[in-house]
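K.L.:
Let me begin by handing over the structure; questions about it come next.
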Amino acid sequence: MTQISLSGEVADAVNSGRPVVALESTILSHGLPPGRNLDVAKRLEDTVRAAGAVPATIAVLDGTPVVGLSPAQLERVCAPDSGLDKLSLRDLGPAIGLGRSGATTVASTSALAHQAGVSVFATGGLGGVHLGAQESWDVSADLGVLARVPTLVVCSGVKSVLDIAATLEVLETNSVPVLGYRTDSFPAFYLRYSDFPVPWRVDDPAQAAAVVAAHRRYAGSGVLLANPIPAESEMDEQLHERLLTEGLQLVRDKGVQGKDVTPVLLEHFHTASEGVSLDANEALVLSNARLAAEIAVELA
Ligand code: PSU
Ligand code: MN
């Protein structure tokens, strides 16, 4: 059976109990355009290091789950012709068993990180319950994995292309605590606020670490820490509304379904906003990486 491949740096840090932050690769291969993605990937790793933790970007390459991509592997994941599939947790067995390559989502990254001994993970947006899920049954596997893997996921909430109320309900059903970071409102990715409150709030990394440690001891599922996009990078609300309406229409017109929905919507946001959404995306994911590293330092 193929073993997880840990970079030397990540293996050393895990073995000596030093802080490590997992990073996903789907956001690079399917969430950001080539060129920009490699730049963001490097900045994410630099940000984690600057905050005192070791970054571990995760992907599956030629059938091997890799935790802590080398610079060359990071380039491969970000290349315009990488041809990488988007691998959620259901896809890990097939991809590894069949010797394929792919980028990992929140679900599969959390699972691989946990197996490698890494319990803090930073990303941009979590997958959730899609609008119209009553008909389509489209509920991201990210939620099911948070329900059973004890990883802390630091993100900026979920996009308003999802059904936020339903997403929060599913998290509650699965006993996943949702913490607002210095906010009482669950953030909506490009926007700092949604119409929905968070059940709990923390105001510094030490509080977040205390909650995570206690939850792991007494409950055991994952924890979601929702960190709003930095105020200066928040998207204009009217622009956001327009992009959202257009994007949802595009998905309907093209008959896009399943795992292609999120990448198609993201691409529409990026092209139709002339890069505004890209800047926002980068700002929030960097902010999440910094916060995750600070919490990993507290936990260590
Ligand atoms: N949201 C984003 N950018 C992303 C994703 C979500 O703003 O790149 C990706 C993440 O990898 C997330 C996945 O785990 O989409 C969820 O996809 P699905 O809904 O198909 O489970
Ligand atoms: Mn889906």
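Note: Cβ is positioned from N, Cα and C throughout, glycine not excepted.
Given the structure is predicted, the values throughout are model-derived calculations rather than measurements.
OK, TrEMBL features for this one:
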ACT_SITE  E24  active site, proton donor
BINDING   K86, V106, S140, A141, D142  substrate binding site
BINDING   D138  Mn(2+) binding site
ACT_SITE  K159  active site, nucleophile
K.L.:
If one measures from the C-alpha of K159 (active site, nucleophile) to the C-alpha of D138 (Mn(2+) binding site), what distance in angstrom results, rounded to a whole number?
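P.N.:
For K159 (active site, nucleophile) versus D138 (Mn(2+) binding site), the Cα atoms are 15 Å apart.
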K.L.:
Whose Cβ lies within 8 Å of the mean position of the Cβ atoms of K86, V106, S140, A141, D142, the substrate site, other than those residues?
P.N.:
S88, L89, T105, A107, S108, L126, G127, L143, V145
K.L.:
Give the subset of the binding-site residues V106, D138, S140, D142 lying near ligand 1, defined as CB under 6 A from any of its atoms.
P.N.:
V106, S140, D142
K.L.:
Helix, strand or coil for V106 (substrate binding site)? Use DSSP.
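P.N.:
Reduced to three states, the DSSP call for V106 (substrate binding site) is helix.
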K.L.:
Return the members of V106, D138, S140, D142, K159 (the recorded positions) with CB less than 6 angstroms from at least one atom of ligand 2, or none.
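P.N.:
So the answer is D138, S140.
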K.L.:
Through the lens of DSSP with three states only, how would you label K159 (active site, nucleophile)?
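P.N.:
Reduced to three states, the DSSP call for K159 (active site, nucleophile) is coil.
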K.L.:
Counting other Cβ atoms within 10 Å of each Cβ, which of the binding-site residues V106, A141 scores lowest?
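P.N.:
Each of the binding-site residues V106, A141 was scored; lowest Cβ tally within 10 Å is A141.
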K.L.:
What's the most sparsely packed of the recorded positions K86, K159, counting other C-beta atoms within 10 A?
P.N.:
K86
